[in-house]
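The following features are taken from TrEMBL:
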- 127-268: domain 'Glycosyltransferase RgtA/B/C/D-like' (DOMAIN)
- 36-54: transmembrane segment (TRANSMEM)
- 66-84: transmembrane segment (TRANSMEM)
- 120-137: transmembrane segment (TRANSMEM)
- 149-167: transmembrane segment (TRANSMEM)
- 187-210: transmembrane segment (TRANSMEM)
- 239-257: transmembrane segment (TRANSMEM)
- 269-294: transmembrane segment (TRANSMEM)
- 402-420: transmembrane segment (TRANSMEM)
- 427-445: transmembrane segment (TRANSMEM)
- 451-468: transmembrane segment (TRANSMEM)
């Protein structure tokens, strides 16, 4: 779809990112297994062989419908068992949004003038979604968690069909299986987070971009609506829109297509998607204000906060109470000016920035995924599945790290094969742009390891390709050895 130089450059960036992510994760996980390096190596090898064996089985001729149906049943069962046995308490931002959702169902809109919702007005999108579910299902908290599961299944389906479209059937299958067993996704279903629904809608829009944008006259309409609604659930659109625009602009570099055709294609999709995205967003904001649900448009009214936190050298770009106390001013011009002043002070010594970026990368992409903490830490009972809760958390951290390490390893292998492979089209370029953009933006803003959730399906797609190519490589070597 785009020219060879641009595509190979993107693949190289993906290769570098997955390589360094693998390295920092390997160093971090070795600390968790201090003095047990042989055990760690053995567990990684066993887990890797299991993934390769599953990949080999995916080559078997199971019918698509039977495979997908069986996988979704298994995925649903695993997640249902989790939410029925783990009663995660509602805390922090999740509690603010849940309480507001309850108020909406009761016709009480006082929350709209609270400091939380006048600052982070965009959170009202997800809050309203929760209110609708609670209203329909008679305030049943379990219903929200069931919908978490359903959106998780939606992500699995997106990964399957995307992998099939970008690479082949086997890649789609192993990618879907990997995400079915991906621990953060399973554990997070008991948490009232906006990440499930937002990630599903975003990846559905990406799938439509790579499959329909070129052939459909109105695909931009569906894509724009999906992006707008997804962004109302979780505001990630700025970096996503940039990646999408670059994806279509790079199409202009394809010398095999006439200038008129490729210009028309790129312009139609960029203008159409952007117009629909902004129009839908503005209309929904206006509706919320008119209905008394919001006092301001559904946007972030404290735009410098995440950058202020992100450039804090002392906390390595993580949230801290000291930063909150540093700016005691309410949202407004004075707070913005003070935030900009503090950001400039933190950027003053340019020589410290490379170290800050390095430390943030290691922490964001090499540390424990906090989904385990958010799901299990605040439980009232001391045992889960008859296992000591702290012991379970510790074991889950280790298991997740091993799987995450392998995802990055096989992503790297996948990028290596893509780099050396001769290709006429590069339909997966959008997903590399998303990975690169998501990595870069977290050099600048606040980091939390739970933010990895959004981009992991993209890594899993390339890990799936790496697994398939690894199996193919050794199968061919085995065949040659047998023949000789």
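Glycine too: its Cβ is placed from the backbone N, Cα and C atoms.
For the domain 'Glycosyltransferase RgtA/B/C/D-like' (127-268), the DSSP-based tally of helix, strand and coil residues reads 116 helix, 0 strand, 26 coil.
With a cut-off of 8 Å between Cβ atoms, the residues of this chain six or more beyond the transmembrane segment (149-167) that come close are 68, 71-72, 75-76, 79-80, 83, 173-176, 179-180, 185-186, 189, 196-197, 199-200, 203-204, 206-207, 210-211, 427-428, 431, 457, 460-461, 464-465, 468.
No contact links the transmembrane segment (402-420) to the transmembrane segment (66-84), because fewer than 3 Cβ pairs that are 6 or more residues apart lie under 8 A. Counting residues 6+ beyond its ends, the transmembrane segment (187-210) has Cβ neighbours under 8 Å at 79, 82-83, 86-88, 90, 94, 97-98, 123, 126, 129-130, 144-145, 147-149, 151-152, 154-155, 158-159, 161-162, 165-166, 219, 222-223, 226-227, 229-231, 233-234, 236, 240, 244, 247, 269, 371-372, 374-376, 396, 427-428, 430-431, 434, 450, 453-454, 457 in the same chain.
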